Amino acid sequence: MPRTRPNIIITGTPGVGKSCHCELLVQTTELGLRHLSINNIVKERNCYDGYDDELKSHIVDEDKLLDEIENEAKEGGCIIDWHVCDLFPESWIDLVVVLRADSTILYDRLEKRWVSLSPLTFGTGGLLLVADWLHADVLYLWDAGTIRVCNPAKNRLLAPIYYTRGVLSERWLMASADKKLQENLDAEIMQVILEEAREAYDEETVIELRSDTTEEIDSNVDRISAWARHWIENNPEGV
């Protein structure tokens, strides 16, 4: 059955505003678009195959992930939200939006996401929500002297750490934040995701948009919405 609505990938390094763009686009109700957060799908539908001890993360089962979203993609109207874009078949995708942000602005955004991390206290056997870019990190008491810092939304074990008297080390927390922050900044500066998109999809399918200010975000949403309306008008019989 032909699909009568486009599929769009919104991609970029953490902190550029992918989820914000997706949520605003979904609110454009006449387009009938759906937000597919791949991080959530991997977690909720068990689309992973093993665990990488070195990277401290689940290994995404790409075949299972594609199988899980294939029917939704064939129906159309999907906004695929992930930092990886070259996995999805080119035949599924009508537009790839790579969001970019100034490194200084990106640094400030990512730094603020860790601001409430320290100090943290917890009770034996308890759970404690902590700030992360998806506000989804949870501290799990692992044994008598160790806790695991996990991010369920990313299916990632960030690190096993040790604590004293139930208080997390501010130094450890900030060191962890700085390492992850620098990884994201390096990826943005090197245009890693943009280059991956250009290699995987037709040149006319990939666009690069700035996402430094609320005005730019609003403009991007208007531009993508206008493109989607134009696509729907030009493909009344579907593709």
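In case you wondered, yes, glycine gets a Cβ from its N, Cα and C as well.
Model, not experiment: these values are computed from the prediction.
Counting only residues at least six positions away in the same chain, the Cβ atoms of LEU99, ALA101, SER211, ILE217 sit under 8 Å from the Cβ of GLY17 (ATP binding site). What TrEMBL lists as ATP binding site is GLY15, GLY17, LYS18, SER19, ARG113.
The feature region 'NMPbind' is assigned by TrEMBL to 37-60.
What TrEMBL lists as region 'LID' is 112-122.
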> Which whole-number mean pLDDT does the model give the region 'NMPbind' (37-60)?
Replying inline: 80
> In DSSP terms, helix, strand or coil for LYS18 (ATP binding site)?
Replying inline: helix
